[in-house]
Amino acid sequence: MLALSMTSIRTLHADVTMESATIPPMLDAPDTAVLAVNLGTPETPTAPAVRRYLAEFLSDRRVVSLPALLWQPLLRGLILPLRSSRSAAKYAQVWLPEGSPLMVHTRQLAQAMQALLPTLRVRHAMRYGEPALTTELDRLATEGVRRIVVLPLYPQYSTTTTASVEDRVDAWQRRNPQVTVSLVQDYSIDPDWVAAVAGSIQRYWQQQGRGQKLMFSFHGIPQRLADAGDPYPQRCEASARAIAAALGLGADDWQMGYQSRFGRERWLQPYAEPSLWELAETGVKQIDVVCPGFATDCLETLEEVAMGFTETLAERGAQMRYIPCLNAAPEHARALARLAVASLA
């Protein structure tokens, strides 16, 4: 695999000065908290840790809807034994000295939001793995918090992601009626978030020059879920259009695709990697790829896209350049802080 400069991933936003947050003023609210929730990550890049993580993730009925009596024997007897070691090797390629990229960036993002919202408590949690969502909710309640804004770090709503967080939060609140919980369901076209993503792309182009084509790569979901009414593909398309418009791009300057297909069934199309190959075959020799469905860089953006897509495209005579996620960039923290405050209004 091609070597990935983790330093470049982490420092793209370093030249962005923290401006006045311009967050709407808040009364002192020590009993109010914001809980930013990301997907999750193994604790270490080892097969046992990855196995524990995948077992929890792939046991969520929102992720895999097969009956448990059919799915669990297949999961534990075949999939986990086969995938755990392979996935651990991939995690090892992107692991930071401080830990998992997703965990490191999520923690830093929550800290940046806390600096912008000093009268509130800002914490982070994971839907799968640690720190567990319900554990963090319990901790906040024990500390005397009586109002919590749960902010899933999924810009585009899907039944496979946001709804899973919502399920867990709803179950927790039924056991804790003394706490009022609200949840931000979607921010796929939020103006501040769109401006943050567009700004990060523009800064990359200012530093590195602009490629011939921009690809928006989103995590895919099975097509049957979209057919059943999951609005995720429409939300992704809306995000891509809004970001492209903010950049002043024409219809021929960009396209979108879906990555991270799992299993053999049909997922949302077009698939991102074959679409990149087609661009290379038509003479497009430099393509920039950004993943606006991911709040923070993680295995799917770093190993699959930044490493894997880059390598297979190079084999076809074209250069792919990966534009990092927003991670803990100041403009990202500001956009999310504003969303949290707005949900308290």
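Every residue gets a Cβ built from N, Cα and C, even glycine.
It should be emphasised that the depicted structure is a prediction, and the values quoted were computed from it without experimental measurement.
TrEMBL annotations:
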type: BINDING; residues: HIS219, GLU300; note: Fe(2+) binding site
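Close to GLU300 (Fe(2+) binding site) in the fold, though at least 6 residues off in sequence, lie HIS219, GLN259, SER260, CYS291, PHE294, each with a CB less than 8 Å from its CB.
Mapped onto three states, the DSSP output places HIS219 (Fe(2+) binding site) in strand.
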